[in-house]
Amino acid sequence: MDGENHSVVSEFLFLGLTHSWEIQLLLLVFSSVLYVASITGNILIVFSVTTDPHLHSPMYFLLASLSFIDLGACSVTSPKMIYDLFRKRKVISFGGCIAQIFFIHVVGGVEMVLLIAMAFDRYVALCKPLHYLTIMSPRMCLSFLAVAWTLGVSHSLFQLAFLVNLAFCGPNVLDSFYCDLPRLLRLACTDTYRLQFMVTVNSGFICVGTFFILLISYVFILFTVWKHSSGGSSKALSTLSAHSTVVLLFFGPPMFVYTRPHPNSQMDKFLAIFDAVLTPFLNPVVYTFRNKEMKAAIKRVCKQLVIYKRIS
C-alpha cells in the first residue's frame, strides 16, 4: 500500500566525502595521483610478467593475476569518486549502483582466493622446494585462477540475490561516495533487518575466515622453515613480510567495517578511501617493487618502450 504513495527510485544521491573545498582539493590531488600510480604500476607488472621469460614462474603468475584484479579494484569506485568531488549533485543510476556492488564483491572474492593461493605457493617453495615445480604446475595455477573467479562471481551473485527483488521508493540518499550494500539495504521500503544481518554475516565470515586461514598458514610456514633451517626463521620472515603486509592492508578495512557493532559514517568513508585508492597502489609496491627480479624486468620493459617510441 505504501508503494502506491511513492515513486520508484531510479537513481541514488551520494552525500560524498566532505563539503570543505580545501579537503576536496586535497582529496582530488591525492586520489588522482594514487589512481594513476595504481593503474601504471599494476599494468607494468602484468605486462612484465607476460613478456619477460625470467618471470614465467608460478609465483609471478599469481602476482600478475593479483595485479590484474587490483586494476579492477581501483577502477570500480575511484573514477566516480574523483569525478564527483566538486559536483553539487552526486548521483548514480540504479543500474550503475547494482554494477558497482557486483564488481566490488567480485574483485574482493577473487583477491581473497588469490591471496590463499599465494600463501600456498610460498608454503611449497619454502617447505617443499624439491617438489615445487611439480606441485605448482601450470595446471594448478590455472585451477587456482578458475576457482578464484568462480567463487568471486558466486559470492557477488549471492549478495545481489538479496537485493534485486527489493523495492526502493524513497529516500534515495546514501551517506557515502559509492554504493555500499549495507547502506543501500537500509533504503528499501520494507524491513531489511534480517537481510542486513545475513549480508553482514556472509561478508564478515568470509573476510574473517580467509584472514585466519592465511594467518594459520603463515604461522605454519614460519614454524616449518625455522625447524628445518638454522637461518630459516629470518629467511621466512623476510619472504613472508610482503605477503603478510598485503593481507593486513586488504583485510583490515572490511573486517573493521563488517565486524564492529556500531557503524560510524566518517570512519567508514576513511576506510573506504583507503581500500579503494591506497591498497591497490601499495600492493605492487610491497609485493614486487622490493623484488630484484621484478625491478629488473620492469626496467627492461621501460627501456623497450623508450626504444619503440624513438623508432616510431
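Using N, Cα and C of the backbone, Cβ positions are placed for all residues, glycine too.
Record features (Swiss-Prot):
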{"type": "DISULFID", "residues": "Cys97-Cys189", "note": "disulfide bond"}
{"type": "CARBOHYD", "residues": "Asn5", "note": "N-linked glycosylation site"}
{"type": "TOPO_DOM", "residues": "1-25", "note": "topological domain 'Extracellular'"}
{"type": "TOPO_DOM", "residues": "50-57", "note": "topological domain 'Cytoplasmic'"}
{"type": "TOPO_DOM", "residues": "80-100", "note": "topological domain 'Extracellular'"}
{"type": "TOPO_DOM", "residues": "121-139", "note": "topological domain 'Cytoplasmic'"}
{"type": "TOPO_DOM", "residues": "159-195", "note": "topological domain 'Extracellular'"}
{"type": "TOPO_DOM", "residues": "220-235", "note": "topological domain 'Cytoplasmic'"}
{"type": "TOPO_DOM", "residues": "259-269", "note": "topological domain 'Extracellular'"}
{"type": "TOPO_DOM", "residues": "290-312", "note": "topological domain 'Cytoplasmic'"}
{"type": "TRANSMEM", "residues": "26-49", "note": "transmembrane segment"}
{"type": "TRANSMEM", "residues": "58-79", "note": "transmembrane segment"}
{"type": "TRANSMEM", "residues": "101-120", "note": "transmembrane segment"}
{"type": "TRANSMEM", "residues": "140-158", "note": "transmembrane segment"}
{"type": "TRANSMEM", "residues": "196-219", "note": "transmembrane segment"}
{"type": "TRANSMEM", "residues": "236-258", "note": "transmembrane segment"}
{"type": "TRANSMEM", "residues": "270-289", "note": "transmembrane segment"}
Check: When you scan the chain for residues with a C-beta under 8 Å from the topological domain 'Cytoplasmic' (290-312), skipping those not six or more beyond its ends, what do you find?
Finding: 44-45, 47-49, 51-52, 54-55, 60, 63, 242
Notebook entry, point to check: According to DSSP, which kind of secondary structure is Cys97 (disulfide bond) found in, if we only use helix, strand and coil?
Noted result: helix
Next item on the list: Go through the chain and flag residues at least 6 beyond the ends of the transmembrane segment (26-49) whose CB is under 8 A from any CB in it; none is fine as an answer.
Entry: 17-18, 55-56, 60-61, 63-64, 67-68, 70-71, 74-75, 78-79, 81-82, 85-86, 273, 277-278, 280-281, 283-285, 288-289, 294, 297-298, 300-302
Note to self: Can you work out which residues elsewhere in the same chain, 6+ from the ends of the topological domain 'Extracellular' (159-195), have a Cβ less than 8 Å from its Cβ atoms?
What the structure shows: 2-3, 6-9, 11-17, 76-77, 80-81, 84, 90, 92, 94, 96-98, 100-102, 104-105, 202-203, 263, 265, 268-269, 272, 276
Item checked: Mean predicted confidence [pLDDT] for the topological domain 'Cytoplasmic' (121-139) -> 89
Notebook entry, point to check: Hey, what's the Cβ neighbour count for Cys189 (disulfide bond) at 10 Å?
Noted result: 15
Note to self: Counting only residues 6 or more past its boundaries, what in the same chain has a CB within less than 8 Å of a CB in the topological domain 'Extracellular' (80-100)?
What the structure shows: 9-17, 24, 27-28, 31-32, 35, 160, 163-164, 168, 177-179, 184, 273, 276
Check: What are the helix, strand and coil residue counts for the topological domain 'Extracellular' (159-195) according to DSSP?
Finding: 11 helix, 2 strand, 24 coil
Margin query: Please count the residues of the topological domain 'Cytoplasmic' (290-312) that DSSP assigns to helix (H, G, I), strand (E, B) and coil.
Written below: 20 helix, 0 strand, 3 coil
Item checked: Long-range Cβ neighbours of the topological domain 'Cytoplasmic' (50-57) (under 8 Å; 6 or more residues past either end) -> 64, 293-294, 296-297, 300-301
